[in-house]
Structure formats: C-alpha cells, structure tokens
Number of protein chains: 2
Amino acid sequence: MDNNNFVKAYAPATVANVCCGFDVLGFALDAPGDEVWARKTEAPGITISAIHGIAGLSSDAKENVIGVVAQKMLEDLNITHGLELQLHKGMPVGSGLGSSAASSAAAAFAVNALLGSPFTTQELVMYAMEGERKASGSAHADNVAPSLLGGFVLVRDYEPLDVVPLGVPLELYCTILYPQIELKTSLSRSILKQEIPLKKGIRQWGNLAGLMAGLLKKDYNLLSRSLHDEIFEPERSVLIPLFKQVKEAALAAGALGAGISGSGPSIFALSATLEQAQSVKEAMESVYAGSGIETKTYVSQVPDQGVRLVAQSTFQPAVSL
Amino acid sequence: MDNNNFVKAYAPATVANVCCGFDVLGFALDAPGDEVWARKTEAPGITISAIHGIAGLSSDAKENVIGVVAQKMLEDLNITHGLELQLHKGMPVGSGLGSSAASSAAAAFAVNALLGSPFTTQELVMYAMEGERKASGSAHADNVAPSLLGGFVLVRDYEPLDVVPLGVPLELYCTILYPQIELKTSLSRSILKQEIPLKKGIRQWGNLAGLMAGLLKKDYNLLSRSLHDEIFEPERSVLIPLFKQVKEAALAAGALGAGISGSGPSIFALSATLEQAQSVKEAMESVYAGSGIETKTYVSQVPDQGVRLVAQSTFQPAVSL
C-alpha cells in the first residue's frame, strides 16, 4: 500500500447558462477554484480529514460531494482500500460559479490520478456529475464539464451524455461580480416558465448559433451581437438586485456581453482584453457601491485548460509491498 | 443607353429549416437552380419578356418575384430607365427547395451586376427578401441568404438583419427527394404550435449548437449526432407521406442526417461523399416506388459559392452616348 503517496488537484470555477446557451454551454475560469488532496489508506472507506477555506461544509464523506464522487469511483473499480481526502475551498458556495462542480471535478481528477488514471475524461465528467446530483438533486454537466476540460464546453445531450469541448484557444477575459445575497438554485429554477413562445425560441437559437460561430471563428463582434438571453434572464434577473444596472454598466464599459452566471446571483461579463475586463470590474462594482450589499469580484482569463494536478508525491518501494 | 448589354445570373436551390436550425439555418445546393436574364431598356418600367421551364407563373412584373425585386432596386436608386427580364426556372415551385428565393436571388444579383454593382451582398439579401415577401407574405432570409452566399448560412436575427455565412469549405453532399404532392407553406406553418416545452427547447438548442460546432470544426460525427429536430419535424412530417420511412431509409443507407427541406414536402439528406449521397438517393426513391406518388430526386454538392453570373455581354460605345 503506497500510502505515503498523494496527489492534489485544482479545479476552476465555471460559468454555466451562458446567455442563450442556457443548460448547454459553460466555460471555465482560471480562478477562483477548489483543491482536493487525496491519499490511499489501508483501512477501507473514505475519510475527509480536513476542509479549509470555508466553514459549515460537512466532512461526512456521504454528504460532501468530494466523498460522493470518490466513493462511486472506488465502487465501480471494486477497490477495497480506502481514501483520505482534504478539500481546500477557494470560492464561495451558492454563488452561481459552480462551486460544487469545482470540488467534484477536483475530486474526480485527483482520485483518478491517484489510482493510475483508469478513467477517461468523459468518464470523469460522469463521476463529477454524481457530485452535482448530491449538491443540487440534478446530475447536470454544464459546470463540471468546463471545469474538467477548460475553455467553452457544449453539453449537447444527456441521453447519452455528449460533451463537446470547443477546442479553440480564445483570448477572452471574464469579470465576475458576486453580490453576497442568498439565492437558492431551486428558487432560481422554479420561477422558469415551462413553455417558451415559439418566436422567442427562434431568436434564442439564432443567438446561440451566432455565439457558437463567434467562438469558433473568433469573431468577437458576432459573439457580442449574440450574447443575449431573451427567455431566462428576464425571468431570473428579478432575483438579483441591481442586475440590469450592473449589466448596463458592464456593456457601457466595453464588455462584449454580460449575463447571469449559472443560476446566479453572480453576474459575468466577457471582454476581449484583460485591461477591458478590469475596467468592466470597476464599472460593475461602482453600481453596488453604497447599496448595502457586499460584493466579491474576480477577473480571470478564460483558459484552455481546466482541472490540473498541482502537487504529487510518489513513494516507490524497493520491492512490491 | 447601353441596351445591348445584358447579364444572366444563376442562383441555386436551398435547404432551409435544417433540422434543429428551424428558421435560422439554411444551405445552398449547386443544382437545381434558376436563371434570370436582364437588360436595360430606354422605356421606363419592368417587362418580363419570357418565362421558361415552367407554366403558370405570372409575367406581370408586379406579381412575379423577379419583377418585385428589380422594381425595388430601381426605385431605391432613383433610376428612371427600365429593365427587360427573363426567367428560366430550373426547379419546381412549392417543393420546399427555395424556388421563389432562387428566382429572387438571381434577379437581385443580375440587376445589381447590370447596374454596376451599387449594392453590397448584405443589401442584395434584403432586396431578394422582398421577393420572399411577395411569394409568401413573409420576408424571410433563410433561403435567399444561402442562395446568394453559398454554403451554410445562419440568419441570426432580423432586427436588424444579421446574416452570417459560415465560411468553412465543406465536403458535403445533399440528396433531395421531392414527392410531387401539393403542400402549402401556409398550412405547414399553421400546424406549428406557438409554445415550445422548455425541455424540448433545451434539447433543440443543444443540437443546434452541436450542428454549428460540427460544421465549423468539420466534425461529421458530431454533425450527424446533432442533425435532429424534435420540435417541428414531428408536427410537420405528418403532412408528408412516407416521411418517416424515407428518413429511416436514408439513415440506413449511410446519410449523416435527414429532415424536411424548408416547409416540405421535399426531404433532404446529407452525406459525406458523393457515392454515399447516390446510395442514399436510391434508398429514398425505393420507399416511394409503387406508392403512386411521383418523385423527383437531386444529388448535389453543398458548394461554397451561391449565385453567380453565367453570361454577360458588354457593348462599349466609342463615345459616351
């Protein structure tokens, strides 16, 4: 048992429900993100020995997403030894930035690396989705897939799962403003109408097709013209104080487009340069100044890479133990 | 008046409503198509002096789409001389192959060339749309844009018009089966439900985003997985006898995907090779054999180029007349 060996994986925050790409399109940030440290143990079962960076998360392996993901991987491989896990949260929970997805993706990647990489990336997406099922009751992939794969990722279908990384290196920067209010995903989802007017549907998929073409052809003007959501944003944005003003400020400061990140309350804006993204950040912050609502802001590139190993220690015994 | 000069333009048939790309995505064929011949006349007004290849079309310039398109172009340029036009129909009317669009596109292109190309391609799309308005009461662009531009073309929005040629050379072949039944576009449109269930909407735009990525990345496997329409095809296909069987036969014969062309009744199938497209044609034809319904079939590349000049005569006077 090589229980001196460990790995540590970092998985980034993600923006899902990218405007017209509701439920199908997400992208990765470079930061913030979560880290999962993993080590084999001789005793069976999964122990979460530490959670850093946040208070109030359960360290019961059946309750914490990293335990749920790891347990399923061990079960499917019929592995009888155990795992010790540690979680370093580098991002807020319930912010709309794919917090549970980042933890799940980091856990799936770390455990896979520790076990000698028995799983493909596609399979890791499916294991990380088990964390999402635990966190939200729905095994969605639009946060875990970009967190694992980097860049923009399309979740074309679930039956069977069809995850399509766009695979185009982009020079894009994202500004995030997280207004620190509580907003339950379940509420944000429950206010959506279950029927879409045909005309709005057509405009929405015209924009999504434009967004895809803009990304794949690196036509930022087209991308900007396409970054709209006429269906869900009007319904959901009422739950986010000052949303309309923040979005207008971001666009006025030169953002290519802006929208609700995931189910909110975070608001994202995309820019073509880092300098622009920083101006956009200031413009967005200024709207909340004096509002009485605390905010947290991030500026990050949209990198090609998602999850990655950040530390590893391998002890090679002289003879097989 | 250089009334010995003439031009002749050819504009191809097109497939609109490409599966999940309902109302926003169309592509051009190489053939069949229509030709418009145009010549300036000293007398004002527009005369349609001949219509070949089809019976029953009006030669009244106010009633025929080529006259309507040309008239609007002359008006906007404040041109006082007239035009003589001739139309060579190379394709059936009411087939779902963009017949009025091909005539309109050929007219717009021919008249523009005759007048020294005062209009941009984008403007020609808008003039050709006037023909569509005349033909169907709705100035849609999803046939005229690919007929003018070639390849696959996205109509992202109408307010303002935003036409996006994909601009990727593709090696794709299209098989068309036109069952010679009468099917009014108005009926085909009137049976569409005006509300879409959210879940179906999400699947539809997942597929459209996949189709865009498949086309732009030339990933024919992805393209094939994405060529679905779960919203409109089930509603409309009941109007087309044997649709389901023809589609199944096309897929069984190796087509990447198949669907209703435009508002029908033509059925299109896409294939990766010419040989495949020909096998698909035989499979589709065999379904209708003995059905009592006459069919017309076409096999065509999906070319990069749309409308083009096919003949031109320029008389240059020794001195300005």
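Indices start at 1 and increase along the chain as displayed.
The backbone N, Cα and C atoms fix where each Cβ goes, and this holds for glycine too.
The ATP binding site feature in TrEMBL is assigned to B:P92, B:V93, B:G94, B:S95, B:G96, B:L97, B:G98, B:S99, B:S100, B:A101, B:A102. The DSSP secondary structure for B:S100 (ATP binding site) is helix. For B:S100 (ATP binding site), the same-chain residues lying six or more positions away in sequence with a CB closer than 8 A to its CB are B:V65, B:V93, B:G131, B:E132, B:K134, B:A135, B:S136, B:N143.
Confidence across the domain 'GHMP kinase N-terminal' (B:66-151), taken as the mean pLDDT and rounded to a whole number, stands at 96. Look at TrEMBL and you will find B:66-151 tagged as domain 'GHMP kinase N-terminal'.
Here TrEMBL flags B:212-289 as domain 'GHMP kinase C-terminal'.
Around B:P92 (ATP binding site), the same-chain residues at least 6 positions away in sequence with a Cβ under 8 Å from its Cβ are B:I54, B:S99, B:Y178, B:Q180, B:K296. Neighbour counts were taken at the CB atom with a 10 A radius for the binding-site residues B:G94, B:G96, B:G98; the maximum falls on B:G98. Within 10 Å of the C-beta of B:A102 (ATP binding site) there are 34 other C-beta atoms, taking all protein chains into account. One way to see the shell of the ATP site is to take the Cβ centroid of B:P92, B:V93, B:G94, B:S95, B:G96, B:L97, B:G98, B:S99, B:S100, B:A101, B:A102; the remaining same-chain residues with a Cβ within 8 Å of it are B:A13, B:M91, B:N143, B:G262. Remark: secondary structure over the domain 'GHMP kinase N-terminal' (B:66-151) totals 49 helix, 7 strand, 30 coil, with classes taken from DSSP. When DSSP labels each residue, the domain 'GHMP kinase C-terminal' (B:212-289) comes out as 45 helix, 9 strand, 24 coil, counted as helix, strand and coil in that order.
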